[in-house]
């Protein structure tokens with residue numbers, strides 16, 4: 001028999017961990033219809049007939065966020081066979097609030113009391129049998145992390161499908177009578193399994209929920225009379241009455257079934273006293289990120305390991321193997337050149353940085369899994385709000401350090417539309433895994449210091465802040481940043497399976513791009529660089545200047561001369577970086593005639609770039625329009641061609657101006673070149689940017705006046 005199970009629960013209750021444990025790889029991710037909230041579905045590992053839907057983490061079924069709306073719409077309209085309510089047993093009072101709401105929908109339910117190990121660690125005691133009796137709902141003690149009792153949970157859920165569901169009686173007799181009166185006043189819900197749900201929503205004056213009910217004007221007037229009468233009697237609005245009744249009931253449930261152990265500071269509290277300290281938090285964060293980049297860029301991404309992997313394995317060995325294989329079957333010169341100089345060189349140069357990218361993703365996944373990154377989002381909220389952004393914006397920006405695509409998609413959690421659009425625009429400013437290989441190459445070739453990589457990380461944060469200050473003072477992005485409320489999870493040891501899954505998911509996209517987009521693009525680059533403008537095949541070398549690619553590069557090269565890299569090779573590399581940022585290094589090697597030998601590419605960079613032009617090149621490629629995949633994500637999340645075009649234009653112009661100032665100022669201050677007209681223009685741009693940053697926010701003033709009125 002086919003069964004549909006809905007997993008519901010609060011954020012950080014372990015719901016997603018349970019979903020992964022139950023479904024394994026039998027899952028797929030999409031979007032809920034009509035909105036951009038992520039939808040996860042899968043089938044039980046050993047039973048394909050059991051379909052599981054992982055609903056978004058929510059605190060209630062009130063229609064305040066997109067997550068709450070899609071969750072309740074699914075439960076009301078799709079009617080799954082059973083709900084598994086995942087409860088954080090260490091925070092039972094808050095979690096049971098959602099439980100009381102779920103029971104009113106009329107769908108059989110089972111409670112999964114998760115994190116019982118934390119309960120025992122805190123010396124708390126839970127009488128789950130007594131709680132189950134009071135709620136009238138079966139409870140199974142589980143550990144999603146350790147995969148304990150999950151089989152029993154599914155068995156109980158299957159039994160519940162066949163059982164008769166009774167809603168939890170969570171209200172006083174007087175309110176229960178009011179709900180019954182409302183149920184009997186609306187003909188269309190009298191026989192509905194969800195009649196209690198609609199009655200509660202009517203008392204709360206939830207217009208969105210009642211839109212799904214056919215109700216006559218006479219019935220509407222009768223319900224209004226009932227609700228107004230009880231509100232007058234309680235001297236409170238219906239929603240507040242219901243909320244108070246729920247918590248009164250929850251208190252009665254846990255009063256004699258939950259015993260709290262120690263009340264002192266937990267280990268997490270003690271750690272937070274240091275890492276969330278207003279003076280120490282940001283320096284500690286900086287040190288941690290420096291350590292992350294030191295390990296990824298210096299230890300793994302530096303000699304001798306990187307030289308062996310990138311130059312020997314992915315470079316010489318792969319090229320020699322391909323050459324010998326093609327010669328053995330007697331292929332023509334141009335086919336050998338296409339495979340060796342085009343495909344192997346392009347894809348090999350990208351995969352040469354695979355260990356570096358995987359290490360970076362692994363370290364960031366560990367920091368996320370132990371709960372540290374949640375603290376940083378909380379700490380940065382105060383700073384971000386000063387610059388026009390909410391702390392909620394930090395989460396997408398943080399995710400963007402792995403890949404801009406999921407970072408941009410993560411903006412869905414931001415309710416304020418202006419904040420969301422602004423975060424979409426700036427999320428790709430952070431150095432993603434693909435950009436990291438450009439940074440690593442230049443850091444070794446020009447600057448010779450590993451610390452240059454984390455410097456670019458903080459440059460990304462600075463670019464986000466500057467953009468926030470500029471955009472927030474325009475009419476299109478005006479308004480107060482959205483309030484940021486989040487639950488800080490307990491610190492815990494990183495879960496190997498979770499960390500490896502996240503690392504693989506993020507690294508996988510890097511590998512897939514190497515085998516798809518970069519493969520195709522490498523072939524296109526080879527064709528363009530081996531065919532002359534006259535249409536003749538020419539075997540490309542570093543001195544070839546009459547190829548189609550060189551011709552195109554020379555047309556646009558003058559545009560980049562003010563940025564310090566006005567040669568056609570660097571121009572072409574930057575242009576093709578919009579296809580995939582990984583291509584910047586590989587294309588630069590291909591068009592310069594050295595293939596995928598990162599050592600030779602580094603020598604080229606050292607010979608053709610100064611400190612000023614190298615930093616300008618890096619900043620431009622970091623801040624400009626991201627790869628095609630990220631642009632697609634921007635289009636999807638903006639849901640507007642106009643806003644997508646604005647985002648792309650803003651990113652290009654912003655990157656160009658910042659790189660222009662970087663090059664012109666460093667050219668005078670570091671390279672010791674004379675002050676020129678271009679330096680003067682850069683100074684003027686700097687003054688204008690300062691004005692845009694520090695000018696008075698007239699829209700904020702107008703909104704304050706409207707609020708007072």
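For all residues, glycine too, the Cβ spot is worked out from N, Cα and C.
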Could you tell me which of the ranges 235-256, 257-278, 279-300, 301-322 is annotated in TrEMBL as transmembrane segment?
279-300
With TrEMBL as the source, identify the stretch among 491-509, 510-528 annotated transmembrane segment.
510-528
When TrEMBL is consulted, the range among 530-547, 548-565 described as transmembrane segment turns out to be 548-565
What residues in the same chain, six or more past the boundaries of the transmembrane segment (611-631), come closer than 8 Å to it by Cβ-Cβ distance?
404-405, 408, 428-429, 431-432, 434-435, 438-439, 442, 445-447, 456, 459-460, 463, 509, 513, 517, 563-565, 570, 574, 577-581, 584, 605, 644, 648, 651-652, 654-656, 658-660, 662-663, 666-667, 670-671
Check the transmembrane segment (548-565) against the transmembrane segment (343-367) for contact, please; criterion is three or more CB pairs under 8 Å, pairs 6 or more apart in sequence.
no
Lying 6 or more residues past either end of the transmembrane segment (279-300) yet within Cβ distance under 8 Å of it, the residues of that chain are 306, 355-356, 359-360, 363-364, 367, 372, 375-376, 379, 383, 436, 439-440, 443, 450-451, 453-454, 457-458
Let me check the 10 A CB neighbour count of residue 20 (Mg(2+) binding site). How many other CB atoms are there?
19
Between the transmembrane segment (343-367) and the transmembrane segment (675-694), are there at least three Cβ pairs closer than 8 Å, leaving out pairs fewer than 6 positions apart?
no
Of these binding-site residues, 21, 115, which scores lowest on Cβ atoms within 10 Å?
21
